[in-house]
């Protein structure tokens, strides 16, 4: 797995080519936002609710940019990744909870990667057997990181950055070229929220913000402070520009997908996997689109595998104390994701895979609020960030983004427990749609995630307590010194009188 070391070598770079050190990591991490699960969630939301959720998708995209930027600042200033700092600042119970949620995010990312390649394989070769597509996906995703990674670390990092850039370019241009008429008119900009849209809202949030990328970004850039010749402020601005530039392209594609689905479906609900495939065929009018889709999925799976290994190593070493090799992390993630994918294909067929593709972003959305709290706390801590702590305006924006994540989870939990929407009935098994995860399990996961988030929100980091004690000591110290001074001034005449008497004697 020299490619993993190559990514970190790319981030260190040299002082004369700092663009590759900021744009490269942003490209590699942004590939995680273009798997088929994200596409399906966006198309499904556009087909069901039209333009009603466009503004919220924009807010989710902005929140992702904001938190990814704070993670880069944390990694460069502290020279540690987010998992290392969290292990030092939180108790063992909280670290295990954060590790479990990061593991869920990693697992769902691998699940959508395998399912997406299987679906793309069937679309290109007009094959109906999902098991064959899954076997093809499992073989490819295990071999690509070894085939596309040369031994030289610097060359490997550059090659993978080029693959990531090519994948995102195909992702953006491929969709735009396949659209003869891109719908730009927005009928409704203000979001219309309801119980029916809660499920799609959670899926869109999980599709636009990925919690385990927080650990990846802080891990990749932590070598830059000790190797650069530029100022940290300059690197901060370069990273922000790179993240914002790429995220704008991802949002543009998501908007086109959502708008195209709204126009093609005329707000008709997608009832089955075949309905979704037909709608995708209407959106991708170019006959080469399925082949480009499969190529994008294959290249993105390679990059996602590398970034998942980086996140898995950071999480396992710091939260669980497990020191495994990079190859072991790679194989473990793939095996854990193959089993449920094959099970869903065997039990529920194509409908089960379709539900899995939408359910995975929903689970990723559940992990977001609690994963965002350490980022916000550490980035705003003066004891750890010093003069590089985020400004008050960024703090306010980050807090509002966190509230958006938390309220979305609360709305989803309320609807899944007490609502009577069509998707709730599907999860309860009241319809003919397959049930991938039991309704009770989803309720337990959602409530546990919200409870853990609230507990984490009222638990300060250890350095914050030390900082408060230091501030209190600094306030009392001048007063004590002032009291000591007054005492000396009161006794000073007596001291002079004694010295004068001794001199006369």
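Just so you know, glycine gets a Cβ as well, placed from its N, Cα and C.
The structure displayed is predicted, hence computed values, not measured ones.
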Annotated transmembrane segment segment (source TrEMBL; candidates 24-47, 264-287, 288-311): 288-311
The annotated transmembrane segment range in TrEMBL, which must be one of 98-124, 314-340: 98-124
Segment assigned the feature transmembrane segment in TrEMBL (from 239-258, 359-378): 239-258
Other parts of the chain folded back onto the transmembrane segment (288-311), taken as Cβ under 8 Å at six or more residues beyond its ends: 1, 3-4, 7, 28-29, 31-32, 34-36, 102, 106, 109-110, 113, 116-117, 120-121, 123-124, 137, 140-141, 144-145, 148, 160, 163-164, 166-167, 170-171, 174, 178, 212-213, 215-216, 219-220, 326, 329-330, 333-334
The transmembrane segment (98-124) and the transmembrane segment (159-178) contact flag, 3+ Cβ pairs under 8 angstroms: no
Stretch-level contact, the transmembrane segment (53-77) and the transmembrane segment (390-416), CB cutoff 8 A, at least 3 pairs: yes
Beyond the flanks of the transmembrane segment (198-218) by 6 or more, those residues with Cβ under 8 Å of it: 25, 29, 32-33, 37-38, 41-42, 44-45, 48-49, 53, 56-57, 60-61, 63-64, 67-68, 71-72, 74-75, 80-83, 101-102, 105-106, 108-109, 250-251, 254, 307-308, 310-311, 314-315, 358, 360-368, 371-372, 375, 405, 408-409, 411-412, 415-416, 419, 421, 423-424
Result, the transmembrane segment (239-258) in contact with the transmembrane segment (390-416) (3+ CB pairs under 8 Å): no
Long-range Cβ neighbours of the transmembrane segment (130-147) (under 8 Å; 6 or more residues past either end): 1, 3, 113-122, 298, 301-302, 305-306, 330-331, 334, 338, 341-342, 345-346, 349-350, 353
Contact set, same chain, for the transmembrane segment (239-258): CB under 8 Å, 6 or more residues outside the stretch: 22-23, 25-27, 30, 33-34, 38-39, 42-43, 45-46, 51, 53-54, 57-58, 61, 64-65, 68-69, 72, 168, 171-172, 175-176, 179, 182-183, 207-208, 221, 283
